[in-house]
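Here's the structure, in structure tokens; my notes come after.
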Amino acid sequence: MKTRYLLPVTVNGNPVLAINDSCHVGNGGCDTNVTCSHSLPDYSVTCTCNTGFTGNGTVGNCQDSCHVNNGGCDNNATCSHSLPGYSVACTCNTGFTGNGTVGNCQESCHVNNGGCDTNATCSHSLSDYSVTCTCNTGFTGNGTVGNCQDSCHVNNGGCDTNATCSHSLPGYSVTCTCNAGFTGNGTVGNCQATCPLELQLALSQVYNNNGIGDTSMPSSANFDGGYSYSAQALAAVSITPGA
């Protein structure tokens, strides 16, 4: 509480006027956003801008601190006021990391890769400069820490079930290669058996020496409906059952 002083003034020995403490009259000539006080030892008026305001304290000379050099906040920070108290609060803008004061708002991608995985690239969205994590070529996931797996470990990297997933160099992009006995580009649905299934079955029987018939008993070797797998027919094309 401010102290109020009454100073008697006399004329011809008679009191005619009482003078108030200057701080109680027009705030002592200080701005409305100022605290008026007295300095010692002469008790002169001192104007001090309140918290959150900057200037010399006289009328019209206490500006919102956020309007003066961004309140001491970094160029990549937003200056605001905390409540209660109205003190300055510096907050790094989206896409920047730090305490917000001058020189302490670094580009987020330069601090721990912006929270992205080691196998991801950190960048910024064009709309609001927020951090975007994108898994590098050859990896799959949402890009955040721990969420970029080798693509070959996720659904075989998009390769067919009869293909092998690997990575090409340079670039580490996925390469799909059809397994032995299959032909195609290796992607899902594009690895066909080199030999028709019926022929594969027949040959497996031939080389296991199972079910090989004789021309006199064609039904015992009727794998393809044409009775073509008799011992004699195989010999004609230089195939020896069981060899």
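Each Cβ is built from the backbone N, Cα and C atoms, and glycine gets one as well.
The disulfide bond recorded by TrEMBL for Cys90 reaches one of Cys73, Cys92, Cys105; that cysteine is Cys73. Cys176 is paired in TrEMBL with Cys159, the candidate among Cys159, Cys178, Cys191 named as its disulfide partner. For the domain 'EGF-like' (149-192), the residues of the chain that approach it from at least six positions outside its boundaries are 136-141, judged by C-beta separation under 8 angstroms.
The Cβ of Cys90 (disulfide bond) has 21 neighbouring Cβ atoms from other residues within 10 Å, across all protein chains displayed.
Each residue contributes its Cα atom, and for Cys73 (disulfide bond) and Cys159 (disulfide bond) these two points are 52 Å apart. The disulfide-bonded residues examined here are Cys73, Cys159, Cys176; by Cβ neighbour count within 10 Å, the least packed of them is Cys176.
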